[in-house]
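Noted in TrEMBL for the protein shown:
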- 55-82: transmembrane segment (TRANSMEM)
- 57-539: domain 'Major facilitator superfamily (MFS) profile' (DOMAIN)
- 102-121: transmembrane segment (TRANSMEM)
- 133-152: transmembrane segment (TRANSMEM)
- 158-175: transmembrane segment (TRANSMEM)
- 196-223: transmembrane segment (TRANSMEM)
- 246-265: transmembrane segment (TRANSMEM)
- 383-400: transmembrane segment (TRANSMEM)
- 406-425: transmembrane segment (TRANSMEM)
- 437-455: transmembrane segment (TRANSMEM)
- 475-495: transmembrane segment (TRANSMEM)
- 516-534: transmembrane segment (TRANSMEM)
Amino acid sequence: SHHRLFSSPVGPAFPLSPLAEVRIVRPRRRSAGMAGEQLKVLDALDVARTQWYHFTAIVIAGMGFFTDAYDLFCISLITKLLGRIYYYDPNSTSPGTLPPNVSAAVNGVAFCGTLSGQLFFGWLGDKLGRKTVYGFTLVLMVVCSVASGLSFSSSPKAVVTTLCFFRFWLGFGIGGDYPLSATIMSEYANKKTRGAFIAAVFAMQGFGILAGGIVAIVVSAGFKNKYDVPPFSVNPIGSTVPQADYVWRIILMFGAVPAALTYYWRMKMPETARYTALVAKNTKQAAADMSKVLNMELEEDAERAQRLVVDQANNFGLFSKEFARRHGLHLVATTTTWFFLDIAFYSQNLFQKDIFSAIGWIPKAATMNAIEEVFRIARAQTLIALCGTVPGYWFTVAFIEIMGRFWIQVMGYFMMTAFMLGLAIPYHHWTTHHIGFVVMYGFTFFFANFGPNSTTFIVPAEIFPARLRSTCHGISAAAGKAGALVGAFGFLYAAQSRDPAKRDKGYPAGIGVRNALFVLVVTNFLGLMFSLLVPESKGISLEEMAKEHEQEEAA
């Protein structure tokens, strides 16, 4: 069952919709071998004008991403609340906090699931088809979102264990969404606007982060108005009302809503033509599917299709010498750049609330009651998302077909390195100038998203052959999640102060926030260096990019 891929994108620029039979146009020379030949259905997709089905594909794939971001990031809004409810120490003068190992588990278990899911579903998407696997990941996300808000008993250990168990499997489903959303969008798009379309799917992540903050604000504001209790310093036990337990559960479970809404549309989407034709080798079915999508008559010449898809197709595998020769450096580039990016990106995002507290944006925990604290944290994160995170994604959508992937990535890494230096060197100045710190911080985020955070997602969906595309995207994304784990946990311990009085309870001495920022400067710079290996795929068809039509070299 070796899947093979073939095909080359340089067909005639044909304005008809994608899959039309092009007999009337200049006859193609067969003697030229594969160099200029392309299946008609893929040619049709490549030159299709932007139309309604492109936008439905963006919304269907994008809502998965919206849910992913909501589910992954909403946990950082509620960890302090969990500490207050389940880890309150009556002998202590400060509110309860999660012990380091519990905090690491709650924050990181979803990433472990995501990493495994990216590898597993990425591989499965190349074996069974994109669409089949896509529905399954969605069901997993809906079920686990709901389940993560339910606990089997009320002891702290039971609550955290069930939460972590379901967050792992939630992450597993989310992991599948990465390679599949990117691959589906890149295979549906035309070559002129493909980058912008994949970027638009990814940009839904920004709205997901925003939605997490807004839901937390609404829920906590509602509960705060109903249960207006004194702050912790006045009444340690009364400041956390029993109903606060509903707040975090509602926030977590709400993640099931957007995913459930798109299930029907996901199931109606036909399999991508590139998978059906190039991997499953059913060109007739591909033409039929795309005729419906493109609203035009397409038929594929059976003999020509057989020659392109079977006789002249490559079939080297992921671990072959041929793959290493053609795509080895590409895979190194996509994995390393995503790895270094996520170290910085996730250490920032998960520890925003700690940074906000450190610079005085969020008052001392003891001066608030439990629900008010959720409200304040959510408000600060939503503000950063609105000003820095969301606009960055849409700048990428707007400029990617002008600047290209390579320059956006290099520029983004360069600016992140510069702004991180600007935060780290005069760090003590920023502890008194909060507005300046937040502006600089927002810019680092803006250039992560108008930069490598978007491009590391787009490029792996474009440069590998169809039969390995989903797998290679999954491997790249998993490298990113490994970086997220390093960022999330490394930063958690590293940012602890050397001064015991300033450290979080239970943590060993770290290197402090300032030195941790210097470490991030270095990882950003390494990302910049490895970005130089990334190939430019702007405006080139997928088959040409992956050199589907080049014959393998004799071993």
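Yeah, the Cβs are placed from backbone N, Cα and C, and that goes for glycine too.
What TrEMBL says about a protein is an automatic prediction, not a curated fact.
Simply put, out of 55-82, 246-265, 383-400, 437-455, 475-495, 437-455 has the most Cβ pairs sitting under 8 Å from the transmembrane segment (406-425).
Under the criterion of 3 or more C-beta pairs below 8 Å, with sequence separation of 6 or more, the transmembrane segment (246-265) and the transmembrane segment (475-495) do not qualify as touching, having fewer than 3 such pairs.
For the domain 'Major facilitator superfamily (MFS) profile' (57-539), the model gives a mean pLDDT of 89. Within the chain, the transmembrane segment (158-175) has long-range Cβ neighbours (under 8 A, six or more residues past its boundaries) at 67-68, 71-72, 75, 82, 86, 102, 105-106, 109-121, 137-141, 144-145, 147-148, 150-152, 255, 474, 477-478, 481. Here the transmembrane segment (133-152) has Cβ contacts under 8 Å with residues 64, 67-68, 71, 117, 121, 124-125, 158-159, 162-163, 166-167, 169-170, 172-177, 180, 184, 248-250, 252-256, 259-260, 262-263, 266-267, 269 of the same chain, all six or more residues outside its ends. Sequence-distant neighbours of the transmembrane segment (475-495) (same chain, 6+ residues past either end, Cβ-Cβ under 8 Å): 100, 103-104, 107-108, 111-112, 114-116, 118-119, 122, 175, 178-179, 331, 334-336, 338-348, 350-351, 354, 456-457, 460, 507-508, 510-513, 515-516, 519.
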